[in-house]
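Pulled from TrEMBL, these are the features on record:
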REGION    165-211  region 'Disordered'
TRANSMEM  12-31  transmembrane segment
TRANSMEM  43-66  transmembrane segment
TRANSMEM  86-103  transmembrane segment
TRANSMEM  110-131  transmembrane segment
TRANSMEM  220-246  transmembrane segment
TRANSMEM  266-295  transmembrane segment
TRANSMEM  327-346  transmembrane segment
TRANSMEM  366-384  transmembrane segment
TRANSMEM  482-503  transmembrane segment
TRANSMEM  509-529  transmembrane segment
TRANSMEM  541-566  transmembrane segment
Amino acid sequence: MATCWQGLWAYRSYLIVFLLPIFLLPLPILVPTKEAYCAYSIILMALFWCTEALPLAVTALFPIILYPMMGIMDASEVCIEYFKDTNILFVGGLLVAIAVEHWNLHKRIALRVLLIIGVRPALLLLGFMLVTAFLSMWISNTATTAMMVPIAHAVLEQLYKTPTGKDVEEGSDNPTFELQEPSPQKDVTKLDNGQVHPVPPASSEPKEQKDRQRVRFSQGMSLCVCYSASIGGIATLTGTTPNLVLQGQVNSLFPENGNVVNFASWFSFAFPTMVILLLLAWLWLQVLFLGFNFLKNFGFGGHEREQEQAAFHIIQTEHKLLGPMSFAEKAVSVLFVILVVLWFTREPGFFLGWGNLAFPDKDGKSMASDGTVAIFIGIIMFLVPSKIPGLTQDPDKPGRLKAPPALLNWKTVNEKMPWNIVFLLGGGFALAKGSEKSGLSEWLGDKLTPLQNVPPPAIAFILCLLIATFTECTSNVATTTLFLPILASMAQAICLHPLYVMLPCTLSASLAFMLPVATPPNAIVFSFGGLKVSDMARTGFLLNIIGVLVITLAINSWSFPIFSLYTFPSWAYSNTTANCMVNQANTTTPRP
């Protein structure tokens, strides 16, 4: 019997893929309407995404098959959804991020900031969190974590052993300073089976207590990296994929929205949220892993100056090994700054941007989008040489001259570009459009009208908790893809500004702090060893609550003037809003 269950478990993915569509068939058979057909497709895809019976990107292709077969949308209409402007912005932003990562510019930034912050326990924790969050705003959370965790462990190794001259000068005992993700088995051995050096005998504290402190601080350092990678990604539109899902869904469901969610407006809303959440996370991690002795946490105890100095020298040595900035690093830095400036000034809203002045449409809106800017800078990186222009000898062909390679080449891009996310984004946009075309969105809106009697802040808070819980078990991209169209329909039905619920729920999808499988940064940190699931769950639980509270504060304060949440927007009006408009006109308290 046990063998039978083991066999079924081994083939669970095949069984889910073959049996689930059959199990759900009564829905479209008994209710032969377009709404039921669309619901069948969405439920099927949601369950496949939750169970990961198929790769997420493969499941995202289902609308191309199901919608035409069920008469929901024409095949040509569905396919258009897979390469919208949001996908272009994703690709263009990643081109720049790949260049930053390819030329090691992110490592130089990280080490430089750590040298400025210092290595006292509380400041070291803050330094790693600031660096990781900043890098995660521009490059992928996974790449940021994979780079920062080895650096953190190398610094910790020096903090808890007696330094030697050779180690400090050469950095030879620090193979963990590598951009690539190291072998999990190797680092588990370092953490668990040796290399745990006690502090010098001069310390007045018992050895056991110091060992416990070392383990706790190591856990705190690991968690601070993966948490700040997730937190930092929410600050920019391209920082993490759920933000792009939101922009794409808003543009797809509300075509007349006037580009309300762009790089500048999102940054104005999300960056203060990120800063507050990051500081609160730092305080929570400091209390949990360093204790309440803040004088000691900030290095005023004076017992471990030698170890701190050794760790500082290691960071200093690794920074020196990078050498002076190369022409490629300088070129990438300049192009990166130009990209950010162009994003902010394209169509900021509170003054005429270059997009409004140089490329206006008939209504004065910018015809160039954030995606246009990202692709423009990305293409330039394929044109700019990586060395000062000049001719050198080709080593493969003696006697022939060779030009230096460009900042980017297609081989590097093809290896590092997560093409699966492009399909996943497209699948989400197809789901949203299918829900609208089939009438499922309108039907859902009718069923959700009783929520009109619930205060808007309570609605936002409950939904944020729901999304934050759901994203622990499911991909954050899949979570936002599934929930945002439903939330938009609900908002239209009760005359609530769609962004009032869509914005906080998008941010909540990044609050994956409790489980190693919740997000790649968590998995990378967990693979290094030294952490249990209970450690991450205990720390992440309160951090999730803190995150939901901060997001609730953000959506009920500074988001109002940024997105004009005071009144229901004309671009979101639909047939389902007619009833609540009458009721709203008779109330004295305006809803957001």
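Here the Cβ of each residue, glycine as well, is placed from N, Cα and C on the backbone.
Below 8 angstroms of C-beta separation, residues 86, 89-90, 93-94, 97, 124-125, 128-130, 132-138, 141, 144-145, 148-149, 152-153, 156, 261-263, 266-267, 270-271, 273-274, 277-278, 281-282, 285-286, 288-290, 370, 374, 421, 424-425, 428, 476-477, 479-481, 484, 502-503, 506-507, 509-513, 519, 521-522, 524-525, 528, 530-531, 535-536, 539-540, 543 of the same chain, each at least six residues beyond the ends of the transmembrane segment (220-246), sit close to that stretch. Two recorded stretches are said to be in contact when at least 3 C-beta pairs lie under 8 angstroms, sequence spacing 6 or more; the transmembrane segment (366-384) and the transmembrane segment (86-103) meet this definition. Taking Cβ pairs closer than 8 Å, the transmembrane segment (43-66) reaches residues 12-13, 16-17, 20-21, 24, 27, 37, 72-73, 75, 78-79, 81-82, 419-421, 423-424, 426-428, 430-431, 434, 473-475, 477-478, 481-482 in its own chain, all 6 or more past its ends.
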